[in-house]
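Lifted from TrEMBL, the feature list:
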- B:128-422: domain 'NADH:quinone oxidoreductase/Mrp antiporter transmembrane' (DOMAIN)
- B:6-30: transmembrane segment (TRANSMEM)
- B:37-57: transmembrane segment (TRANSMEM)
- B:77-97: transmembrane segment (TRANSMEM)
- B:109-128: transmembrane segment (TRANSMEM)
- B:165-187: transmembrane segment (TRANSMEM)
- B:207-230: transmembrane segment (TRANSMEM)
- B:275-294: transmembrane segment (TRANSMEM)
- B:301-323: transmembrane segment (TRANSMEM)
- B:329-351: transmembrane segment (TRANSMEM)
- B:372-394: transmembrane segment (TRANSMEM)
- B:406-427: transmembrane segment (TRANSMEM)
- B:448-468: transmembrane segment (TRANSMEM)
Amino acid sequence: MEGLPILSLMLLVPMVGAAACLFSGDKAARAIALAATLINLALGIALWVNFDIGGPQWQFTERAPIFAGFSWALGIDGIALMLIVLSVFLMPICILASASIDKRVGEYMAAFLFMETLMIGVFAAQDLYLFYIFFEAGLIPMYLIIGIWGGQNRIYAAYKFFLYTLLGSVLMLIAMLWMVNEAGTTDIPTLMAYDFPVKAQTWLWLAFFASFAVKMPMWPVHTWLPDAHVQAPTAGSVILAGVLLKMGGYGFIRFSLPMFPEASSQLMWVIFALSMIAVVVTSLIALVQHDMKKLIAYSSVAHMAIVTVGLFSFNVQGLEGSMIVMLSHGLVSGALFLCVGVIYDRLHTREIDRYGGLAINMPKYALFFMLFTMASIGLPGTSGFVGEFLSLAGIYQVSSWVAFVCTTGIILGAAYMLYLYRRIAFGEQKNADAAAMPDLSWREWLMLGPIAAAVLWMGVYPESFLAPMRADIQALDARLARAAPEGDARLTINKTAPAKAAAEPAAHEGAH
Amino acid sequence: MDFVASLGLILPELILSLTGLVLLLVAAWAGDKASSAISVAGCVALGACFFLVARTVCAGASGPDTVAFFGQFRADAFAGFAKLMIYAASGAALVVAPAFFGRTGQMKAEYPVLILFATVGMSLMVSAGDLLTLYIGLEMNSLSAYVLAAFLRNDSRSSEAGLKYFVLGALASGILLFGMSLTYGFTGTTSFEGIRAAVGDGLNGGTLFGLVFVFAGLAFKISAVPFHMWTPDVYEGAPTPVTAFFASAPKVAAVALATRVAIEAFGSQADAWRQVVIFAALASIVVGALGAIGQSNIKRLLAYSSINNVGFILIGLACATPKGVSALLVYLAIYVAMTVGSFVAVLMMRAEDGTPIEGIADLAGLSRTRPALAWCLAMLMFSLAGIPPLFGFWGKFVVFQAAVQANLVALAAIGIAASVIGAFYYIKIVKIMFFDEPADTIRGKSDWAHWALLAISAIVVSPLGYLLTAWLGKLADGAAAALFLLA
């Protein structure tokens, strides 16, 4: 693989596929899209296999100064690697899930493939401006996907998605311009080691926060998400939940934390406050939803809040936990949206009350749905457990109150997911049409099976996923050490219960 | 500097003037039948001038060798860069006209001649080294433009546009002239060099007044808020090829002229005019964006869009640094490509019988009835909104980069936040074309010239445009350096 510009190739394949889809008929477009995403999956696996764990931090680097002021610089570390693998893993599944799309298939597939290029670009970019271009360009395909193939309220949802995220990111652009002016380079690895003046950091951090918080999404700027999710087609929701939301978390871990450690520690309370509110409030909102997709969308907001608290816990457990939650949530929420899509394709409604007792006529479906429900709750043995446990263990070292509030989110999560599952899969078959639905087809097996395997793999042996990221997270932890919050949170813990604070983290550390 | 050398420097203007005069005679004798031949001849003349000027731009010409007629005229790289855009936009205005006017038999032989004379005026504007050259160029362009706006003689909207443009344009010229006379009165000279020497150690009250009036007059010409009111009416009423021309070439000329006055004549007093420019920039961005939202006519919408864009261009000027001027030129170049492309797309909106359609509602569902047109227009709209990876983003990017480098971070932040308002109406057009049910009124065919122009601008605004950034940046830097060398 030496010398082969594999990352550029991964960007090129879907690009070419998108162009081809635009000019071909329905059937051909589906085949082209599937082929392009499978090629990219193969390339992604090659990337993972060839990634040298313990080798240099940045691998597969490419650099071509072909633009004014910035360059075509690509390269990945373990964190980016895992997110790229997640993206290329979900893409063929999304294409398979789009079988029910029957209007303008060529354009649809083109939009998805273009989206894939941009997602990989975001994670692979090593140039600040190149990152911004990829990051922002995602607006165009998502706007079209929601607006053309979405549900009834699609236009409102598309506008909301577009304008919210645009406003968030333009401020980040100004911050980037300032940073480059100050540091004199656009190279992300260099910037990650550059010490910006502490005073400026606050402003820069806030500008980046404006963008990432919207993308993440954090409470209270999360309102675009339920609208966009509900209105997007199934595959759109999968990509949105599975990968696009991760861009926010990736932004925090790649930019906010290493570039502005002092500001991160000063403003950590903002993250904590918003995340605690998000965990509780959106979980409660999810409890009362009648629309399946909305419920899962709100649960995404709650899970992302666990990610943010973990990221800002300034220790290895928290960071590793957040990464695993992101990967796990990408798989699980994607799978849950696919599960919704499966029954939506049959009955064309997302109303929870229209279903019931599906375990009787769709036992295989009910089994998959059960697995993903449990993974979403965080049952041991599934991917959700590993991530949430590590995140909460990490945050507990910083503030027991934040850990306490966020843990209630797990309990509430169990409540709304089990309640959802009971209403859909158990009970009597009160609707004749829902009772007559056939079980999974082979296509749906192909979609859900691999995700289920990945979820169990990550739950039973997370080391495979943690190993590539370990060195990078340790490097980040070392970078953050000088700003790590020794102060208030820890002091109060020590004052109120000194014995507990000393014993608990040690106990947690022994536990995994 | 002898006369021969001076004449050599104004060779492009000479070519254009002589071609214009000869073609005027041809038009007088051969009549409207010859209009297409005259258009072709005009295009050839513009093309020849384009290549003549391209040389000076690529060489980054600057310094005393580029000064003609004792400082009256400057053929430096800065003027050259602007001229390239002007010639290209004028050429496009010639190419798209026959199909538009020819349908109703109103293609007059005067049209290409007027465009050529307007172009000569614009050439003089951007090369002006003296307030009088400036005024002559400006009026030469304006007088042709008034006639062009009213070119459809039996269309009342066109006549109204011409009249409005004339009355308000005359008012603006008056304001400008008043400002120039004050400047002359208090500095004792009309040459930019002399003014710069005179204001070197501070502005007195009278010169300040003169400066404000000069800027007010120029703001009218570039349709910056608060002197923008004429723009939507004139853009809507004027025949579409003429609107395309107004939105591109004269705007480039007026912006380049304003930049030269600001930097060359008043460059040492940047703080005095910066607040005026900043106000006009932010007001243009906001008013342009808000005004566009309620429009139902695509030409009016593009008029507000051009006001909005002028705001971003002025942010580059507000920097008053070589980087800012270079960013301004890059923005202008991309803006011209986007504007010409958008108006060509508007020209291609025709009913089955060829009647032009201007309603935004008629675009509904265009992506299903005319996918190629819809995708090109969507790209242009996203590009105008400044969404990467389209090239329009690069224009905004360099402008804001220059602003941040000039320590105008607050201006950059407010300006870019306001650009989100503008994004709304651009994506509204995309929404109408892609999300709505087809109205299917746009069915007319277009000729290859339109498709070619549209394809060129679509390729320029596509991500491929980024490959141009290094080259474009180098040319613009050279042009800006030429301007600052004189200043």
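All positions are counted from 1 along the displayed chain.
Heads up, the Cβ atoms here are built off N, Cα and C, so glycines get one too.
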*If you count Cβ pairs under 8 Å, which stretch among B:207-230, B:275-294, B:301-323, B:329-351, B:372-394 touches the transmembrane segment (B:406-427) the most?*
B:275-294
*Select the range from B:109-128, B:165-187, B:275-294, B:301-323 that forms the most Cβ-Cβ pairs under 8 Å with the transmembrane segment (B:77-97).*
B:109-128
*Which of B:37-57, B:301-323, B:372-394, B:448-468 shares the most C-beta pairs under 8 angstroms with the transmembrane segment (B:6-30)?*
B:37-57
*Given the cut-off of 8 Å on Cβ pairs that are 6 or more apart in sequence, determine whether the transmembrane segment (B:109-128) and the transmembrane segment (B:37-57) share at least 3 such pairs.*
yes
*Output the single range from B:37-57, B:165-187, B:301-323, B:329-351 maximising the number of Cβ pairs under 8 Å to the transmembrane segment (B:372-394).*
B:329-351
_Give the nonlocal contacts of the transmembrane segment (B:165-187) in its own chain as ranges (CB under 8 Å, at least six residues past its ends)._
131, 134-135, 138-139, 142, 145-146, 149, 194-195, 198-199, 204, 206-207, 209-218, 220-221, 227, 229-230, 234, 238
